[in-house]
Amino acid sequence: MTDATTATVAAAEVAPDPSQGAGPGADEARSLWSDAWRQLRKNPLFWISAALIVVFLLMALVPQLFTRIDPTSGSLRHVREAMSGDHWFGTDKQGRDIYSRTIYGARASIIVGLLTTLSTTLVGGALGIMAGYLGGWLDALLMRVTDIFFAIPMLLGGILFMASFPSNADTSYWAVVGKVVLVMTVFGWPGIARLMRSAVLQVKSLEYVQAARALGARPGRIILGHVLPNAVAPVIVVATINLGAYIATEATLSFLGIGLVPPTISWGVAISDALDTVRTSPHILLFPSLFLSLAVLAFILLGDAVRDALDPKSR
């Protein structure tokens, strides 16, 4: 299970009048995000991490902006060449351009990270809201299920699942990606669920939420209009940090040969392919490892910057 960095909901003064419409809860949420944006703009780590993430996203979406070399094309005449003007990062053991493969490798790694983050946030967030807001036997049941999944580390669960249902070269790209995303979602949602439940328990006891209940507002409207806007901040922080962890987990599974597999191009696959040449041609391992580390670091720094902006007490 990926360790979730502890985050708290920022404290704010609550207006006592639960008027109709969006209500004071939404006003407080808008003030929170406005203050957070002002703090983010002053944080150099935010701009550094955001710039790196934009570059990685462009690499994933439009790799042609960075290279016109076919990452699958190789020549035995250029096997394991060192860095040169024709091959900036050198070539691998099949004569393929490492720079091109590193650029194109961002796509699979970023897609897996984004899809896993989205799915774990949706699943864990929904279950956390249900447990925290409704309480009672449903809360107890969901938390016991969460405890069961917490007992299984994500990497161990991923190894067991992927080894039981292996992929091969004939498996379609999206089938392989979907399988990796599924296994990380199955073992990744409990942390988000617990965090969302904790935030909802804190927010639902506030005066404007209690007043909205007393006025007969429907649970769905209370959750969407009052609870969720004020409870989602710590989840966003942890989800951002987890995105980097999911990219690293995908690389680990691919390195072990049970995640993404060739001909899929990813940083994890490239690192796995370079393992047997690390002594004779270390540059084959260096560049995909470097880009993987920078991507993980960028999302962690972004999460830390967002946390500091949303929770002044953490600064």
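The first residue you see is number 1, and the count goes up from there.
Using the three backbone atoms N, Cα and C, a Cβ is placed for every residue, glycine included.
Per TrEMBL, compositional bias 'Low complexity' is recorded for 1-18.
If you look up TrEMBL, you'll see 1-27 marked as region 'Disordered'.
Marked as transmembrane segment by TrEMBL: 45-66 (among others).
As annotated by TrEMBL, domain 'ABC transmembrane type-1' applies to 106-303.
According to TrEMBL, the feature transmembrane segment maps to 110-136 (among others).
Annotation comment: TrEMBL describes 148-166 (among others) as transmembrane segment. Packing against the transmembrane segment (148-166) from elsewhere in the chain are residues 1-2, 179-180, 183-184, 186-191, 249, 252-253, 256, 258-259: each is 6 or more residues past its ends and has a CB under 8 Å from a CB in it.
As annotated by TrEMBL, transmembrane segment applies to 172-192 (among others). With a cut-off of 8 Å between Cβ atoms, the residues of this chain six or more beyond the transmembrane segment (172-192) that come close are 1-4, 108, 111-112, 115-116, 119-121, 123-125, 127-128, 146-147, 149-150, 152-154, 157-158, 161-162, 165, 235, 238-239, 242, 246, 249-250, 253, 259-261, 264.
TrEMBL lists 227-247 (among others) with the feature transmembrane segment.
Look at TrEMBL and you will find 253-272 (among others) tagged as transmembrane segment.
Residues annotated as transmembrane segment in TrEMBL: 284-303 (among others).
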Are there residues at least 6 beyond the ends of the transmembrane segment (110-136) whose Cβ is under 8 Å from a Cβ of it, and what are they?
56-57, 59-60, 142-143, 146, 177, 180-181, 184-185, 188-201, 204, 219, 223, 227-228, 231-232, 235, 239-240, 242-244, 246-247, 250, 260, 266, 295, 299
Closest-packing stretch to the transmembrane segment (253-272), where packing means Cβ pairs under 8 Å, from 45-66, 227-247, 284-303:
284-303
Who are the chain neighbours of the transmembrane segment (284-303) in space, where the CB to CB distance is under 8 Å and they lie at least 6 residues beyond its ends?
5, 45-46, 48-50, 52-53, 56, 80, 89-90, 92-93, 98-99, 101-102, 105-106, 109-110, 113, 237-238, 240-241, 243-245, 247-248, 251, 267-268, 270-271, 273-275, 277-278
